[in-house]
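Peer 1: Once you've had a glance at the structure underneath, I'll fire off some questions.
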Amino acid sequence: MAVKIIESCVNCFACEPVCPSNAIYEAKPHFLVDSKKCTECEGDFPVQQCASICPIEGAIVDSFGLAFNPPGSLTGIPPEKMAEAMAELQSH
Ligand code: SF4
Ligand code: SF4
């Protein structure tokens with residue numbers, strides 16, 4: 001079991017120091033998780049510390065590829081409203 005950091009990571013450094021397993025490391029083009037070290041925080045914390053602190057929706061996913069912080073979960077903006085707003089912006 002291991003989480004994964006994907007391309008939407010903005011390299012903010014927030015997750016690296018909170019990992020109890022030292023599984024997160026700086027890489028190019030974005031931070032990565034060493035899947036051999038990640039324990040999903042089991043035994044240390046009730047929730048995944050990296051996903052709890054990450055400010056970017058969708059940047060950290062579970063072993064099934066599902067985002068811990070799906071669209072709208074941090075901003076409070078419903079995904080369909082966000083899609084409408086983006087379409088509106090792109091039409092100008
Ligand atoms: S889930 Fe826990 S152990 Fe795995 S990378 Fe995130 S903070 Fe580290
Ligand atoms: S907290 Fe999120 S955005 Fe920041 S470095 Fe970690 S994965 Fe990337």
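Backbone N, Cα and C atoms are what each Cβ position is placed from, and that goes for glycine too.
TrEMBL labels come from automatic prediction, so no person has curated them.
Below are the features listed in TrEMBL for this protein:
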- 1-29: domain '4Fe-4S ferredoxin-type' (DOMAIN)
Peer 1: How about long-range neighbours of the domain '4Fe-4S ferredoxin-type' (1-29): same chain, 6 or more residues beyond its ends, C-beta under 8 Å?
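Peer 2: Sequence-remote neighbours of the domain '4Fe-4S ferredoxin-type' (1-29) are 35-42, 44-45, 48-63, 65, 68.
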Peer 1: How does the model score the domain '4Fe-4S ferredoxin-type' (1-29) in terms of mean pLDDT?
Peer 2: 97
Peer 1: With DSSP, how much of the domain '4Fe-4S ferredoxin-type' (1-29) is helix, how much strand and how much coil, in residues?
Peer 2: 3 helix, 4 strand, 22 coil
